[in-house]
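Visitor: What follows is a single structure, and I will ask about it in a moment.
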Amino acid sequence: MTAILERRESESLWGRFCNWITSTENRLYIGWFGVLMIPTLLTATSVFIIAFIAAPPVDIDGIREPVSGSLLYGNNIVSGAIIPTSAAIGLHFYPIWEAASVDEWLYNGGPYELIVLHFLLGVACYMGREWELSFRLGMRPWIAVAYSAPVAAATAVFLIYPIGQGSFSDGMPLGISGTFNFMIVFQAEHNILMHPFHMLGVAGVFGGSLFSAMHGSLVTSSLIRETTENESANEGYRFGQEEETYNIVAAHGYFGRLIFQYASFNNSRSLHFFLAAWPVVGIWFTALGISTMAFNLNGFNFNQSVVDSQGRVINTWADIINRANLGMEVMHERNAHNFPLDLAAIEAPATNG
């Protein structure tokens, strides 16, 4: 016993730090990924809050026409946003020390790069921390795998898309209306609604919502009665109990008769794998779609695909969508371009006289 106490006392400060960092007895697990996650997410969050409240207007298009995004410069919670870094900066790494002054850094949208790069590093470390805690507890690694879907989606819109388009100014603004503006412009320039990977993402999100509601309602409807009519059904469950809290056979029988037998899972493990995999795979595909459209491999183009015997175009919904795309493209960045590329003439029209 004496030897053990002496060994503990002689343990280095670094050793005690390592044990504390990797201990699963802490109220919140830190882990080695947490060592990087905590400062990066704190930095991103702090700068976001300060910039959302007080950042001056940013010259997003690089044409000396600053755009206001903060609350103190006339915005509200819905219209406010962290304006992306200026097109004049492009993809250059733009920390504070690269600018001539803090005023110049703010004018060129430096906070956007700072927030986005710290945020992406932070959420990637959060994913690693999920794996690390699972590993230390002897669990399987699928929690981190599932979280990789939103990490991939965030990386696609904040990093891959700006790289493909050549400027951080094309990244998604950090705000409510800025997100909607990004979506509208993305549709105008890339026809994302006609991209099969986006369709898979929609199926993943809507399907995941449907399956979650179906599963929750089936379980809630087939609980094993443990309470009286005067008590909440929730009182019939005790945390950690070994007995099943609902009758999976009853749920399986109900759903099998409602649809057909093989539409219902008879294995709880495969059911829950399916519930996790469906939305995750869908969002993976959407992130992959954004990453390919970043390099202008766009959605399907079926414009003017149907013509009559005289060669006249019979409009389809694809043509209606195309007309909407052109309208949206005309309206965005209206001071930076005379015409969007789709509407610009290849050659100047001939004139008489």
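Just so it is clear, glycine is given a Cβ too, placed from its N, Cα and C backbone atoms.
Swiss-Prot lists these features:
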MOD_RES   Thr2  phosphothreonine
TRANSMEM  29-46  transmembrane segment
TRANSMEM  118-133  transmembrane segment
BINDING   His118  chlorophyll a ChlzD1 binding site
BINDING   Tyr126  pheophytin a binding site
TRANSMEM  142-156  transmembrane segment
SITE      Tyr161  site 'Tyrosine radical intermediate'
SITE      His190  site 'Stabilizes free radical intermediate'
TRANSMEM  197-218  transmembrane segment
BINDING   His215, His272  Fe cation binding site
TRANSMEM  274-288  transmembrane segment
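So that I understand the layout, could you describe where these features sit and how close they are to other parts?
Guide: Residues 20-23, 114-116, 118-119, 121-123, 125-126, 128-129, 131-133, 136 of the same chain lie 6 or more positions beyond the ends of the transmembrane segment (29-46) yet place their CB under 8 Å from a CB of it.
Note: His118 (chlorophyll a ChlzD1 binding site) has non-local neighbours Thr40, Leu41, Thr43, Ala44, Val47, i.e. same-chain residues 6+ apart with C-beta under 8 A of its own C-beta. DSSP assigns His118 (chlorophyll a ChlzD1 binding site) to a helix in the three-state reduction.
In the three-state DSSP classification, Tyr126 (pheophytin a binding site) falls within a helix. In sequence order, Phe33, Met37, Leu41, Tyr147 constitute the residues six or more apart from Tyr126 (pheophytin a binding site) in its chain with CB-CB distances below 8 Å.
According to DSSP, Tyr161 (site 'Tyrosine radical intermediate') is assigned to a helical segment. Cβ environment of Tyr161 (site 'Tyrosine radical intermediate'): Asp170, Gly171, Met172, Ile290, Ser291, Met293, Ala294 lie under 8 Å away, each six or more residues apart in the same chain.
In the shown protein chains, 22 other C-beta atoms lie within 10 A of the C-beta of His190 (site 'Stabilizes free radical intermediate').
Secondary structure at His272 (Fe cation binding site), taken from DSSP and collapsed to helix, strand or coil, is helix.
Tertiary neighbourhood of the transmembrane segment (274-288): same-chain residues 142, 145-146, 148-150, 152-153, 155-156, 197-198, 200-205, 207-208, 211-212, 215, 265, selected by CB-CB distance under 8 Å and a gap of 6+ residues from either end.
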Visitor: Would you mind ranking the binding-site residues His215, His272 by how many other Cβ atoms sit within 10 Å of each Cβ and giving me the lowest?
Guide: His272
Visitor: I need to check the long-range neighbours of the transmembrane segment (118-133): which residues 6 or more away from its ends have a CB within less than 8 Å of a CB in the stretch?
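Guide: Distant Cβ neighbours of the transmembrane segment (118-133) are 24, 29-34, 36-37, 40-41, 43-44, 47, 139, 141, 143-144, 147-148, 150-151, 154-155, 158-159.
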Visitor: Measuring Cα to Cα, how many angstrom lie between His190 (site 'Stabilizes free radical intermediate') and His272 (Fe cation binding site)?
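Guide: So the alpha carbons of His190 (site 'Stabilizes free radical intermediate') and His272 (Fe cation binding site) sit roughly 35 Å from each other.
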